[in-house]
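I have placed the structure first, in the form of structure tokens, so that the comments after it can refer back to it.
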Amino acid sequence: MHLDILKNADPEVYAAIQSELERQTDTLELIASENFTSRAVMEACGSVMTNKYAEGYPGKRFYGGCEFVDVAEDLARDRAKKLFSCEYANVQPHSGSSANMAVIFTFCKPGDTILGFDLSHGGHLTHGSPVNFSGQFYNAHFYGVEKETGRIDMNRVEEKAKEVKPKLIICGASAYSRDWEYAEFRRIADSVDAILMADIAHPAGLIATGLLNDPMPHCHVVTTTTHKTLRGPRGGMILMGKDFENPMGIKAKTKTGERIKMVSELLDAMVMPGIQGGPLMHVIAGKAVAFGEALNPEYKQYMEQVRKNAAAMAEQFISLGYDIISGGTDNHLMLIDLRNKDITGKKTENLLHEAGITVNKNMVPFDDKSPFVTSGFRVGAAAMTTREMKEAEAKTIVKFIDKVISNAGSENISAICQEVKEEVNALCQQFPLYDFVPAS
């Protein structure tokens, strides 16, 4: 990643990239949806693949000269299928939101009912939020967590499904720290004749390595991002454990008559030309590299350490008097309720930023504050683990966070943040992010 040419060609963009490199190198990244890709992934994403238009799919492109981008996409698809032990993979979605849109558009018509996890309880915008297409085009209903436990009660999910009779049920979240009961969700979906979709954008790496429940045998369709715990480039993907005939009865003409189209055909057509045109072949090349990395034994060791680090952080937070929604974590993240600390998520995010620690403010279940203020914040262990930090460092980081929050009302808070920032920087120096380029 040598930027000498860029430095001379466009000093302003170069300066922004260099400053971002320094930020990532010298601060602690705890945003649960962020991670650090390898140099190999970045080289693939910065390659000549960016020059090629390739509308369509390998072997069936609308442009010529696609024989080598076909190789990259086939590698990405084959590796994804091997990684998740599934029969179908579409690696073209530009994002997790695009993947979700393609699935919802495939199975639902405008006005159909969908049932998803409440955004304010830890869900995602694309699961029915009224500010998103999923809540504007569809009749969206929600299930959430129980106030007493912070966990999803499957009996309540079943009651809601029977009440609203959705066409599609979505399981998955952006801020839920527990594993998902996919088999039970499937039983409920079958009872109301609904399609079941799992959005595993956050725990995908833990699922791929067998550390969390596998949605593939139970969910009709699975979507994910390719960054976060998968540690690849920013993008999306659609998977199916097993292809099947579409339940809407959409047919294709054959030489001898008609046949029911497979769901894979509908999904492929919805991704392109339905919602996208040309795929980002440089990103797909990066996805192929990342999936190859995830198939190595070292990746499972990494994911095991992510889980250990998250558990250590949760334990330390609890020992210091913090409330974690659901009382702990099964995956890489946790959601901290700050209402007993008399500080907002917004203020916490800002103060920690001053201290060299990046988190995001986050609504907690039954929050009485706006999404721009919030009563909580979210923490994830994936990025710090990529730096090879372990449980001891995880607990130290929580102590840094507590030092800032506990002194938030102090007249000396700026000086305290600076002290913590120096400690953070010293810790980061012990665990360098990249060894192929200096940080300044």
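Every residue, even glycine, has its Cβ placed from backbone N, Cα and C.
The number of other Cβ atoms within 10 Å of the Cβ belonging to S370 ((6S)-5,6,7,8-tetrahydrofolate binding site), over all protein chains shown, comes to 10. Annotation comment: Swiss-Prot describes L119, G123, H124, L125, S370, P371, F372 as (6S)-5,6,7,8-tetrahydrofolate binding site.
According to Swiss-Prot, the feature N6-(pyridoxal phosphate)lysine maps to K228, an assignment based on sequence analysis. Note on K228 (N6-(pyridoxal phosphate)lysine): other Cβ atoms within 10 Å of its Cβ, all shown chains, come to 27.
Per Swiss-Prot, the feature site 'Plays an important role in substrate specificity' maps to H227; the stated evidence is sequence analysis. The number of other CB atoms found within 10 A of the CB of H227 (site 'Plays an important role in substrate specificity'), across every protein chain shown, is 26.
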For L119 ((6S)-5,6,7,8-tetrahydrofolate binding site), the same-chain residues 6+ apart in sequence with C-beta under 8 angstroms from its C-beta are L125, H127, G128, S129, F142, M363
Enumerate same-chain residues with a sequence separation of six or more from H124 ((6S)-5,6,7,8-tetrahydrofolate binding site) and a Cβ-Cβ distance below 8 A; give 'none' if the list is empty. N100, G116, F117, G172, A173, S174, D199, A201
Cβ-based isolation winner (fewest other Cβ atoms within 10 Å) among the binding-site residues G123, P371: P371
What does the structure give for the C-alpha distance between G123 ((6S)-5,6,7,8-tetrahydrofolate binding site) and K228 (N6-(pyridoxal phosphate)lysine)? Integer Å is fine. 16
